[in-house]
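Here is what Swiss-Prot records for this protein:
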BINDING   CYS579, CYS588  [4Fe-4S] cluster binding site
BINDING   HIS681  chlorophyll a' binding site
BINDING   MET689, TYR697  chlorophyll a binding site
BINDING   TRP698  phylloquinone binding site
TRANSMEM  73-96  transmembrane segment
TRANSMEM  159-182  transmembrane segment
TRANSMEM  198-222  transmembrane segment
TRANSMEM  298-316  transmembrane segment
TRANSMEM  353-376  transmembrane segment
TRANSMEM  392-418  transmembrane segment
TRANSMEM  440-462  transmembrane segment
TRANSMEM  537-555  transmembrane segment
TRANSMEM  595-616  transmembrane segment
TRANSMEM  670-692  transmembrane segment
TRANSMEM  730-750  transmembrane segment
Amino acid sequence: MTISPPEREKKVRVVVDNDPVPTSFERWAKPGHFDRTLARGPQTTTWIWNLHALAHDFDTHTDSSLEDVSRKIFSAHFGHLAVIFVWLSGMYFHGAKFSNYSAWLADPTRVKPSAQVVWPIVGQGILNGDVGGGFHGIQITSGLFQLWRASGITNEFQLYVTAIGGLVMAGLMLFAGWFHYHKRAPKLEWFQNVESMMNHHLAGLLGLGSLGWAGHQIHVSLPINKLLDAGVAAKDIPLPHEFILNPTLMSELYPKVEWGVMKGVIPFFTLNWGAYSDFLTFKGGLNPVTGGLWLSDTAHHHLAIAVLFIIAGHMYRTNWGIGHSMKEILEAHKGPFTGEGHKGLYETLTTSWHAQLAINLAMMGSLSIIVAHHMYSMPPYPYLATDYPTQLSLFTHHMWIGGFLIVGGAAHGAIYMVRDYDPVVNQNNLLDRVIRHRDAIISHLNWVCIFLGFHSFGLYIHNDTMRAFGRPQDMFSDTAIQLQPVFAQWVQNLHTLAPGGTAPNALEPVSYAFGGGVVAVGGKVAMMPIALGTADFLVHHIHAFTIHVTVLILLKGVLFARSSRLIPDKANLGFRFPCDGPGRGGTCQVSGWDHVFLGLFWMYNSLSIVIFHFSWKMQSDVWGTVAPDGTVTHITGGNFAQSALTINGWLRDFLWAQAAQVIGSYGSALSAYGLLFLGAHFVWAFSLMFLFSGRGYWQELIESIVWAHNKLKVAPSIQPRALSIIQGRAVGVAHYLLGGIATTWAFFLARIIAVG
């Protein structure tokens, strides 16, 4: 940290342009108004594709100064938030008007959540299954009921009011998006003032946001959940505002602290924090009534997070000559072997939003995958852990979202390299040095992929062969040649024992996934130790293989986006181009865009195996029923350890055996999943028509169809064109992923709703 002389400091100001862009509905009504070429209108059918491809590519618009692009992004953020608020409002509205929330709240272990009732127009009423409590509807797996209970929502009217609040917020966001682009648009220096931005985001969004949530948890969620856990009916519990306005209600539940506007904070400032130990706890483990984390633990967590981030929001130097400067930190950050280190990165990240976005997407994607793993190992909401369909859905959802964001990070990294990279700024710094030894990086990564691929598949094929020959004693398994994941087992053991030393007052381990007892709620397993064996060791190395291949493709795309041995001037061809002519041993599918295209398939590959592993492992070794004497019966009876050792086992005992429910769903409330399963297979197959396509064949076909139209004098004025190679690939990968994801969705849900 440095303290600078006042004359060196440039004062931070909020500077805006007034009325920079007129609000013109007439202009917006003209398709392609943002681009001179597109605004002329269509000559050929390619125009409509370009319209969609470029509408959000602000760099290509007619006015594309850095300032204007920054303003458009800023404004679009508000539009995005408006869409999110409308979407959330719809969720809450369904909860208010079409759900069995109150019935679920009264009996969450037997009643299933439902917030959608289908109108029986031509017999669709069959989809409204009996979810318990006398309610018929579609079982939902979003986890919203559990979240609402954790928030302290006790009736449908509260959901209705919140839904209206969501629409009000959406309106405010739309207004803000318009206002900050058309009326008062910030100047470029405001967008580039990173210290103020960090301070506001850290202290404001994360710090005060967490503090607000902690306050809500303490004053509303905790008392309401304490009463619900004790068996008090929701209708007999005081309303949220009563707990806030009436201190005696809180004193009855949490007598240690004196409740009142001023009295309540005295223990905080006199360091008598023990007074808060009724509701700011450090118990560890799960609440045995609900199978979720102790809400008093999560309130404590959010309060601690708030304190950390509010302090963090005072770290950076703005108008007071004290604190860190981002540029100074980056330029001082160099090691003995890294040349100029991080020099130049400040300029890069303040002038290239693609570079900034690439980092943010990679980080948020990784975070989403971390969230996926915490949702089952440390289920945050009441009765979430025993709602197996919701657990499976939340894991799958957060894995896929994470995968898409990480691929997006590579996409924008490559766009940065092509459009924004400045060789003058990046001289012998980390970025330059990585690019200069990219051949070593990529060839090593390639070797790792080959090694992992052959060895991990080799182990499976060995097992398939030995099982076919009737030689189980020669297989890699827990009962023959063991390949135990000893490091993973050591880490599990370490995490089970460590809190005894690091958090001696905690009552239970951090997560029962690592070790400890079985937590059962309503006769179902909420969480229990997840034992790892040879089958997990094998599939783990398949995960390692597929993830490394995904990284290889994406990283190669970024590092070779500007140039390669075959195409030294690749940067001039742009982010996406189909080929660079014949000869030279092949120049097709080498653009930055093509690497993203190929990376998406491997991302899908990787995550399919991850969610299959999770689904089968949990059904086999975790999820199931608990008898009064404590005996656990798992859904598939622990068959993972022996069946998942061979490729045939995965095909027969997972895919085929567990598809029985979706294939046999016709005539039941799950029949929609049967139709989706079929339809999504069709969408997936349709994608192959675009991926294995010959563009010339289609263009020829189109020409002969146009000839026929000309003969009949009904030819269109806009010339039809076959899809370009890039367009075909884009349509192909979109349908491939949509078909694959919807197929998996139908397969998973039909199965787990039937047996879970």
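Note: Cβ is positioned from N, Cα and C throughout, glycine not excepted.
Locations of recorded Swiss-Prot features on the structure.
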| residue | record | Cβ contacts under 8 Å, 6 or more apart |
| --- | --- | --- |
| CYS579 | [4Fe-4S] cluster binding site | THR587, CYS588, GLN589, ILE725 |
| HIS681 | chlorophyll a' binding site | GLY739, THR743 |
| MET689 | chlorophyll a binding site | GLY732 |
| TYR697 | chlorophyll a binding site | none |
| TRP698 | phylloquinone binding site | ALA722, LEU723 |
In contact by Cβ distance (the transmembrane segment (298-316), the transmembrane segment (595-616); 3 or more pairs under 8 Å): no
Local Cβ density at CYS588 ([4Fe-4S] cluster binding site) - other Cβ atoms counted within 10 Å: 13
Chain residues in Cβ proximity to the transmembrane segment (392-418) (below 8 Å; excluding those fewer than six residues from its ends, i.e. six or more beyond): 141-143, 348, 352, 354-355, 357-362, 364-369, 371-373, 375-376, 550, 554-555, 557-558, 561-562, 570-571, 574-575, 592-593, 595-596, 599-600, 603-604, 606-607, 610-611, 614-615, 618, 741, 744-745, 748-749, 752, 756
Positions whose Cβ lies under 8 angstroms from the transmembrane segment (73-96), at least six residues beyond its ends: 56, 58, 115-116, 142, 144-145, 148, 156-157, 159-160, 162-167, 169-171, 173-174, 176-178, 180-181, 186, 191, 353
CYS579 ([4Fe-4S] cluster binding site): secondary structure state under DSSP, collapsed to three categories: coil
Cβ contacts under 8 Å made by the transmembrane segment (298-316) with residues that lie 6+ beyond its boundaries: 194-196, 198-204, 206-211, 213-214, 217-218, 221-222, 279-282, 323-326, 380
